[in-house]
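Here is what TrEMBL says about this protein:
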- B:649-662: compositional bias 'Basic and acidic residues' (COMPBIAS)
- B:690-701: compositional bias 'Basic and acidic residues' (COMPBIAS)
- B:739-756: compositional bias 'Gly residues' (COMPBIAS)
- B:430-545: domain 'TMC' (DOMAIN)
- B:649-668: region 'Disordered' (REGION)
- B:679-756: region 'Disordered' (REGION)
- B:117-138: transmembrane segment (TRANSMEM)
- B:192-210: transmembrane segment (TRANSMEM)
- B:284-305: transmembrane segment (TRANSMEM)
- B:358-378: transmembrane segment (TRANSMEM)
- B:501-521: transmembrane segment (TRANSMEM)
- B:550-571: transmembrane segment (TRANSMEM)
- B:607-631: transmembrane segment (TRANSMEM)
Amino acid sequence: MGNKQTIFTDEQLDAYQVNSFCRLHGRYHELAPHLVPMDYTNEPDCKIPLALIVNMPELKENPFRDRIVESFSEDGMGNLSFNEFVDMFSVLSEMAPRELKAIYAFKIYDFNVDNYLCKEDLEKTLNKLTKEELTPEEVELVCEKTIEEADLDGDSKLSYADFENMITRAPDFLRYLVFVETDASKPCLCMHLSIFIILQYFTLLCTKNKIICSTLLLTNAFLICKIF
Amino acid sequence: MSEGEMARLMEEVEEKKKLIATIRNKPWRMKRRLVLLREAQQFVDKFEGALGKGKGRKWYAYKVMMTKKWIKFQRDFENFRTACIPWERKIKEVESHFGSSVASYFIFLRWMYGMNLVLFGLTFGLVVMPEVLMGLPYGSIPRKTVPRAEQDTAQDYSVLMDFNGYCKYSVLFYGYYNNQRTIGLLKFRLPLAYLMVGLGTFGYSLMLVIRTMAKNADVGGGDGDEGEFTFAWKMFTSWDYLIGNAETADNKYASITTSFKESIVDEQENQKDENIHLRRFLRVLANFLITCSLGGSGYLIYFVVKRSQEFANRDDLSWYEKNELELIMSLLGLVCPPLFETIAELEDYHPRIALKWQLGRIFALFLGNLYTFLFALFDEVNTKLEEEGSIKNASIWAMKEYYANFSLPVNDSDATPPPMDPGDVILGPCWETAVGIEFVKLTVSDIQVTYLTILIGDFARAVIVRFLNYCWCWDLEAGFPSYGEFDISGNVLGLVFNQGMIWMGAFYAPGLVGINVLRLLSSMYYQCWAVMATNVPHERVFKASKSNNFYMGLLLLVLFLSLLPVVYTIMSLPPSFDCGPFSGKEKMFDVIMETIDLDLPAFMGTLFSYAANPGLIIPAVLLMVLAIYYLNSTSEAYQNANMELKKKMQMARDEEKNRRNNTDSTNQVMKDLEDLLPNRSLAPPALPEPAEKPKEPEGKPTKTRGGAAGKGVDLQKDVSLASSNPNAREPVTRAPGARGRGQPPGGRGRGGPPPR
């Protein structure tokens with residue numbers, strides 16, 4: 001994590017209110033070590049270009065990675081300063097509220113940046129989602145149905161009000177628009193597994209039975225295979 | 001500071017604090033947030049000191065940290081739980097490539113595996129293990145020993161494959177179990193346990209099937225009726241942002257595409273509108289044809305069974321006549337399903353509904369199979385029962401002879417003769433073991449046939465199509481034979497009937513459940529591999545119905561059908577006299593009577609005898625019938641209420657859409673209303689007094705134009721919201737007096753053309 005005192009002042013740390021703040025700065029620095037200074041106390045003004053950011057592991061496989069980065073950048077071209085970088089992770093974290101995610105989701109899917117989701121935007125979204133496997137007629141049908149379902153004011157495109165009305169009722173939405181900064185699930189599972197193994201060791205000491213021993217070994221092997 | 005100032009300051013501080021708390025929720029750029037945050041914090045710091053200490057910040061940070069840890073823990077626990085469900089990833093992979101209907105078969109298979117595992121645990125733990133651990137070992141009593149005559153061939157592979165020899169006299173079958181009332185130190189009552197486990201198998205399966213059906217009925221709100229926003233949600237919420245792995249991403253793309261295709265199929269079915277009469281006629285025709293063929297095959301089966309009975313008495317049979325029954329059954333099983341499918345194309349149903357019809361028809365066909373099998377089995381049982389009578393006498397006679405012969409060489413009549421060697425005792429025919437052997441053989445041959453069919457029908461076909469395509473005249477992949485599609489109905493029915501066989505045979509062959517568990521386990525891996533490697537997705541990928549209730553319904557029916565023979569034999573057929581846990585008793589359920597008499601306290605015996613009184617049972621049955629009727633009518637009432645609510649919701653939604661959407665119709669209504677108003681110009685000229693009145697309301701519009709006062713102005717506003725209303729512009733720019741037509745009835749007189 002480095003020495004907090006030399007990168008940010010206490011005031012800055014408090015201001016950001018993000019828990020894994022130093023880790024984020026570490027990752028921002030890693031993306032472009034020659035561009036990003038280590039010392040942020042003077043709030044330097046540097047931006048990382050789009051091409052470097054979309055190589056992050058969280059974004060690499062995402063079909064909307066370009067749009068995500070563009071919607072958080074001030075210039076709309078995808079160059080993120082550190083503030084915007086933190087913003088992106090903050091909105092896409094588990095703690096962000098639904099309304100905030102809905103706003104940014106709308107921005108992400110708005111390809112031509114006109115504050116409406118028109119048919120071309122929907123077509124682009126669909127093609128990115130299905131890697132262009134659907135025929136043009138099917139794409140047409142889906143986009144038409146989508147607009148028919150969600151459009152409330154009858155202008156054949158979705159405004160933010162339409163989008164929000166539709167998305168707040170979706171059961172899956174909140175769960176999906178989320179990043180996890182580091183893959184901490186494996187270490188956690190390992191911890192659970194090690195506790196389990198310790199408990200087994202104690203039971204073995206008590207019973208000293210071959211059959212129980214072998215069954216426990218088998219279950220352990222099974223669980224380890226499942227996890228990895 | 002004065003009181004008022006204090007209060008105002010406190011309010012502002014509260015506001016700033018609220019801003020600090022909610023600043024993360026605002027969709028602002030980071031810079032703006034930081035600036036405002038700094039401002040707010042400075043303000044709070046400055047004035048909080050004047051008002052009193054506040055300890056917000058540290059507590060807030062702590063709360064945030066705990067919330068985050070809790071969310072993380074929940075997520076990990078969910079992941080762990082999902083990781084423990086077996087084969088979840090495999091099934092998800094199949095689902096992403098082949099759609100949810102094919103995946104529903106594998107989910108059904110997994111559910112069956114779970115149920116069989118529990119049944120296996122019950123049988124193994126309560127029947128097999130006690131006999132092995134605490135009962136007499138192999139070779140100690142006649143029923144546990146291979147008879148001397150068969151001992152030479154008992155280890156031969158062919159004999160073992162037929163489940164004779166050492167297999168027959170092992171824990172696998174009914175005949176091995178001893179009829180001692182209690183065994184071992186723990187005084188374990190094996191015969192009672194055997195009967196209870198046999199009945200408990202059915203009870204547990206019944207309970208599980210009905211519970212699953214009830215749970216599914218809860219979840220499923222109808223086929224394909226997801227209500228609003230199907231496509232919109234699919235488009236905007238289907239991508240999982242947590243995916244970082246390329247392979248998972250590929251699977252996700254495939255599953256999203258498949259899911260879209262499924263919904264498109266549903267939508268196309270909805271949009272289809274054709275000649276209803278023609279469709280109805282075709283459907284009636286198709287049903288008629290299929291009923292004819294089902295009737296024909298039923299009669300053919302009956303005829304062939306009768307012929308086989310005649311053949312059983314003759315000896316000079318050709319190969320065809322010997323195997324006529326099996327041949328006809330296999331032929332029917334091969335020919336009829338494709339025939340039904342071809343006829344069903346006349347009906348033009350949604351693929352999901354067509355699948356259900358197909359399943360139902362093939363089920364009816366396979367019932368014929370079941371009928372022949374049970375018929376043959378009952379024949380065999382009856383012959384064995386007759387044999388038993390004669391063998392009983394023969395074995396007692398042989399025993400007496402043995403003792404008589406024994407006393408000759410030893411001239412000491414005080415010595416007790418050693419018991420006859422178990423291999424020499426003449427054993428009865430033991431019809432239960434014979435029945436068990438039949439079931440086990442049937443299951444094993446079923447397994448072999450299934451696996452071979454997949455290997456040849458799918459794998460060999462795929463290999464041929466792939467590699468022969470290079471040197472063949474027509475395109476093998478596009479035309480005939482091409483790659484196979486996964487046959488959902490055939491596989492599901494195979495699974496259901498297999499389970500029926502297991503239920504029937506588990507009472508006579510406790511090892512059968514174990515064999516089935518192994519079979520389901522290997523089947524899962526084998527079929528998953530075969531599907532991914534050799535099959536192609538259906539042309540029209542369709543969504544499985546949300547509840548699996550159709551499969552469960554079939555399973556329930558088969559459960560009842562398989563319960564009947566077992567209960568019949570328990571209640572009415574006498575058990576064999578020298579093999580099995582009930583040997584020596586009149587009827588199998590005498591064990592229960594014995595237990596009640598000997599093991600339970602006296603009053604329980606009298607209690608049970610009261611409970612078994614028909615005078616008590618008939619009212620109880622009547623009560624249950626009434627309860628069923630009552631619950632049925634309440635559930636119908638709930639369903640009706642549900643439909644009403646759904647209709648109301650739909651109406652509310654449509655209304656909202658129309659209100660903002662359909663400007664022309666509202667405008668048209670307004671226009672029509674206007675036309676209906678009495679034409680004041682035709683009225684007699686107004687008196688001076690009424691002429692005054694129009695002046696007053698004239699003054700009002702100038703005041704109320706800017707705001708909404710009465711209903712009249714509201715109506716004006718509504719009309720002006722509609723963008724395509726040509727008249728809407730006018731009220732804003734010109735005085736209301738100039739607008740004649742748009743005036744509400746009350747203000748009709750003001751400003752308009754009241755003729756002076």
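Placement of Cβ uses the backbone N, Cα and C atoms for every residue, glycine included.
All annotation found in TrEMBL is predicted automatically rather than curated by experts.
Remember, it's a predicted structure, so these values are computed and weren't measured experimentally.
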Averaged pLDDT score, the domain 'TMC' (B:430-545): 86
Field: Long-range environment of the transmembrane segment (B:550-571) - Cβ separation under 8 angstroms, sequence gap at least 6
entry: 104, 108, 195, 198-199, 202, 205-206, 209-210, 212-213, 216, 356, 359, 363, 370, 374, 381, 492-493, 496-497, 499-501, 503-504, 507, 587-589
Query: Residues sitting near the transmembrane segment (B:192-210): Cβ under 8 Å, six or more positions beyond its termini, same chain?
result: 115, 118-119, 122-123, 126-127, 130, 177, 503, 506-507, 513, 552, 555-556, 559, 563, 566, 570, 581-582, 588-589, 591-592, 595
Message: I'm a bit unsure how to read this: which one of B:117-138, B:284-305, B:607-631 has the highest number of Cβ pairs shorter than 8 Å with the transmembrane segment (B:358-378)?
response: B:284-305
